[in-house]
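According to TrEMBL, the feature transmembrane segment maps to 21-43, 119-138, 150-167, 206-226, 238-256, 271-289, 301-321, 381-410.
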Amino acid sequence: MKKKTMEKSKSANSDTVHSPLVTYASMISLLTLCPPFVILLWYTMTSADGSVAQTWNYLKQNGVQGFLHIWPRPTATACKIIVVYAVFEAALQLLLPAKTVYGPISPTGHRPVYKANGVAAYLVTLITYIALWWFGIFNPTIVYDHLGEIYSALIFGSFVFCILLYIKGLLAPSSTDSGSSGNIIIDFYWGMELYPRIGKYFDIKVFTNCRFGMMSWAVLALTYCIKQYEENGKVSDSMLVNTALMLVYVTKFFWWEAGYWNTMDIAHDRAGFYICWGCLVWVPSVYTSPGMYLVNHPVNLGIELALSILLAGILCIFINYDCDRQRQEFRRTNGKSTVWGKAPSKIEASYTTTTGETKRSLLLTAGWWGLSRHFHYVPEILAAFFWTVPALFNHFLPYFYVIFLTILLFDRAKRDDDRCRSKYGKYWKLYCDKVPYRIIPGIY
């Protein structure tokens, strides 16, 4: 039975990834290049004036030894900060009152059950963090001052964490949604389990993706803002716009967290290096990098420009939220909700699970989802641009996240289309005929 499950798992994985050559190239490059990039990003933002050219000249002159010199060693302080934060978030995830939410049924017929208390955990985290600073118990500038050491500890610690996840998936999977591709590198990179858990209630992906990764985004945004205030006695309007938009976005995320559990990250991508290391290391470092740059490079935008950027960013975040809300409500009501004031057009599709059971799905072809198949990526990319543009254009590096996000979402749209094509067959072709554009209406 286990062998059969693994064979089905392998087949399912092969339907949703790129060609073997592209897959191996991307895996090896990300496994080897992402860790040093995180350190170089931190160093450039905090010690090289945000200048890629300055960092490049330093490495050119000093070579590998120079790079090893700037790579900070994990310290006891950094490890203590990480452990306290992780334990605190894990405790909130387990102990805060929660509504029971059911995830989508997996290909093997498994339906995960979640404790939805993300908003409460988010509010408790931010209030606690600000209160610790306000009452002089803990100064968030300590986090900034040890940021390189924290990232270094996260790089190595999260790699070990992913190895343990691989071993767990091999020896003690939490559900039938697990199995091996037969290749240890692929299994480590993509993951062995779809829904790994510790015990009955502690969902590992909810912790890594939401409570550690996304929560750290908000915590670090506040940290950068406080650091600039402590250094300069005031906060620039550019930092205020950046911090406000990031907090609005993360607030939106936790408000919609139960909907996130239906997305590719949770319902289709397994818990491996790609997702878990990415959320534990890449999100805190890369996603927050525009604010990291602004700490030492405050820009005076002026009231009119600052408000214009802020309002444009909030509008994009709202549209992104409304796209997800529209589809979630459509699914919740089994297609009986109204979309933009009228009954939505839809396609009734059926598919067969790996257990041979026939299931039915409704594909929304109205509202935002009638403009393109992944229109919600457009406002998400624009929102990232608006919380980065307060840095203006003196340096390229603050815009790395926007570029990375664009590549990530375009790739994700392709993977999602490939998966849906494999799942729905002729119904997906009907859907693509009705909604021909993948992301940008009229263009792509």
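Glycine too: its Cβ is placed from the backbone N, Cα and C atoms.
On a predicted model such as this, the values are computed, not experimentally measured, just so you know.
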Counting Cβ pairs under 8 Å to the transmembrane segment (238-256), which of 21-43, 119-138, 150-167 comes out on top?
119-138
Establish whether the number of Cβ pairs under 8 Å between the transmembrane segment (381-410) and the transmembrane segment (271-289) reaches at least three, counting only pairs separated by 6 or more residues.
yes
Segment-segment contact (the transmembrane segment (271-289); the transmembrane segment (206-226)) at 3 or more Cβ pairs under 8 Å:
yes
Near the transmembrane segment (206-226), which residues from the same chain, at least 6 beyond its ends, have a CB less than 8 A from one of its CBs?
85-86, 89-90, 92-93, 114, 118, 121-122, 125-126, 129-130, 133, 140-141, 143-144, 235, 239-240, 242-243, 246-247, 250-251, 253-254, 257, 260-261, 265-266, 271, 275-276, 278-280, 283-284, 287-288, 291-292, 294-295
Same chain only, please: residues at least 6 beyond the ends of the transmembrane segment (150-167) with a C-beta under 8 Å from a C-beta of the stretch. Say none if there are none.
35, 38-39, 42, 71-75, 78-79, 81-82, 143, 187-188, 191-193, 196, 204, 271-273, 276-277, 280-281, 284-285
